[in-house]
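Q: So that we are looking at the same thing, I have put the structure below in structure tokens.
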Amino acid sequence: MGCLCINLKKKVKKPTPDISGEQNTEVKSREITPKEQPRQRQPAPRAKFQIVVQPHKLPLPLPQPQEKQKLINHQKQSTLQQPEPILGRPFEDIKEKYSLGRELGRGQFGITYICTEISSGKNFACKSILKRKLIRTKDREDVRREIQIMHYLSGQPNIVEIKGAYEDRQSVHLVMELCEGGELFDKITKRGHYSEKAAAEIIRSVVKVVQICHFMGVIHRDLKPENFLLSSKDEASSMLKATDFGVSVFIEEGKVYEDIVGSAYYVAPEVLKRNYGKAIDIWSAGVILYILLCGNPPFWAETDKGIFEEILRGEIDFESEPWPSISESAKDLVRNMLKYDPKKRFTAAQVLEHPWIREGGEASDKPIDSAVLSRMKQLRAMNKLKKLAFKFIAQNLKEEELKGLKTMFANMDTDKSGTITYDELKSGLEKLGSRLTETEVKQLLEDADVDGNGTIDYIEFISATMNRFRVEREDNLFKAFQHFDKDNSGFISRQELETAMKEYNMGDDIMIKEIISEVDADNDGSINYQEFCNMMKSCSQSHQSKLVQPN
């Protein structure tokens, strides 16, 4: 079977939502109801955490001037001290044991690097979590529990191995097995052909992880393709491994779980009803299987609120292409994994016993419609180039276009530092009449914080709110296009796109190819002005931020 040619112009019945993590943002321990969900969001670091230590009470009688000055100096030093260790042991300098290398990726709480063990020369992955971004006590508890669960599950074949955890004054560092093969989505979209059999192999590994977790008394609570990595670049020997146990919990007998966690497209209906158990992991795996077979999630909308409404409605499409050509056995498994009633939903053992998923089972080698691959490639990163374009336009809007937003920024930036912290954003939104929850405010800050430093600077604020000022105006779009078209050729070449994106650490070679594939409608290998405008105008409302939309 040869490589399939992906027809990017082929019309599909509904728009392809972005579930790559750019618009489908991970929801960490959200304390909100489905009706209160914010609009599309992008994962980004959390708010700046300011540590305040209460001053010591002065003893009676009052000290002499010299003693008083010593006490004041001691108080100043106390305010600079960090909170008590999260791991409950003395701080360690990780650089004494490991040398940190290039960045592998960024998440809500920190950055993952490649690191080398000094004593052995072996490479590992180091997930460095910035403690100032752990705003709530619950955030700190989640980190402790993540480490406990990873140690507890250590040695299981389809789970990323943790080597150790270290803590210094600024960060908690998790040193883990290095998975050099990349994310599950990359494996799917790179294949020369894609079949039901390939989908069965992938979902079998996913459900084996679920089975191990449930057998050992753990609910993952955030299963999605981005949280599965390939152990090596050699496809023949590579294993699929689960990672990111940041919202996972130990199963407690008789406990009803109520907090809404996970990622929008993969959330089970009982999570939204705040009454769930381990069956939610099977639902999430069922969503992954649905995507593997057709390229779209079973429940989609332009906003998280809309997605949740579709999930609660529970109607699954098996009529649109390519479902008529998918085997009945595959559809039967999907239906049983996505049973609305968790009591009727398959267990992990039942899934693995299904004839379609078993090794040597009914899953066919027949290639799935190439449009599925095309859609799945679109799920990866479409907004990367658009994000840079918005930033450029924000930097170049006229003064009169920015007056209102400039005043709003100044009013929120109460300490006149030139940046807005979490507390300033929360206070400013309350003054505007906003009724957003604490979690939603944090998410807004993360969405706008492009450089990941935990605060919003002026340009980031304008980028997040400026669509009210007609960002799609022709002159702004043309200037943005010229900014990327360095040689004035009338096209944005692959090299020009690569230069622009790598300047902001916003994309690797695969990502750049995918953006060109998606935007380049005439398939000439570059992006012309009309293609650029079409990209900027598509789903433009999804960029709108609640920063300027009080409820």
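Cβ coordinates come from backbone N, Cα and C, glycine included.
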Q: Need one residue: from Lys95, Lys97, Lys122, Lys127, the one Swiss-Prot lists with Leu104, Gly105, Arg106, Gly107, Gln108, Phe109, Gly110, Ile111, Thr112 for ATP.
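A: Candidate listed by Swiss-Prot for the same site: Lys127.
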Q: Quick test of your reading of Swiss-Prot: among 239-269, 270-300, 363-393, where does it put region 'Autoinhibitory domain'?
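A: Here Swiss-Prot associates region 'Autoinhibitory domain' with the stretch 363-393.
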Q: Excluding Asp413, Asp415, Ser417, Thr419, Glu424 themselves, which residues in that chain have a Cβ inside 8 Å of the centre of the Cβ atoms defining the Ca(2+) 1 site?
A: Met412, Thr414, Lys416, Gly418, Ile420, Thr421, Thr455
Q: Sequence gap of 6 or more, C-beta under 8 Å: which same-chain residues meet both conditions with respect to Asp415 (Ca(2+) 1 binding site)?
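A: Spatial neighbours, sequence-distant, of Asp415 (Ca(2+) 1 binding site): Glu424.
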Q: Look at the recorded positions Ser263, Ser417, Ser489 and tell me which residue has the greatest number of other C-beta atoms within 10 angstroms of its C-beta.
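A: Output for this query is Ser263.
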Q: Closest to Asp485 (Ca(2+) 3 binding site): which of the binding-site residues Asp413, Ser417, Thr419, going by Cα position?
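A: In terms of Cα distance, Asp485 (Ca(2+) 3 binding site) lies closest to Thr419.
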Q: With Cβ-Cβ distance below 8 Å and at least 6 positions apart along the chain, what are the contacts of Asp487 (Ca(2+) 3 binding site)? List them in sequence order.
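A: Ser493, Glu496 - these are the non-local Cβ neighbours of Asp487 (Ca(2+) 3 binding site), listed in sequence order.
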Q: Going along the chain, which residues six or more apart from Asp413 (Ca(2+) 1 binding site) have their CB under 8 A from its CB?
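A: Set apart from Asp413 (Ca(2+) 1 binding site) by at least 6 residues yet with Cβ under 8 Å, we have Thr419, Ile420, Glu424.
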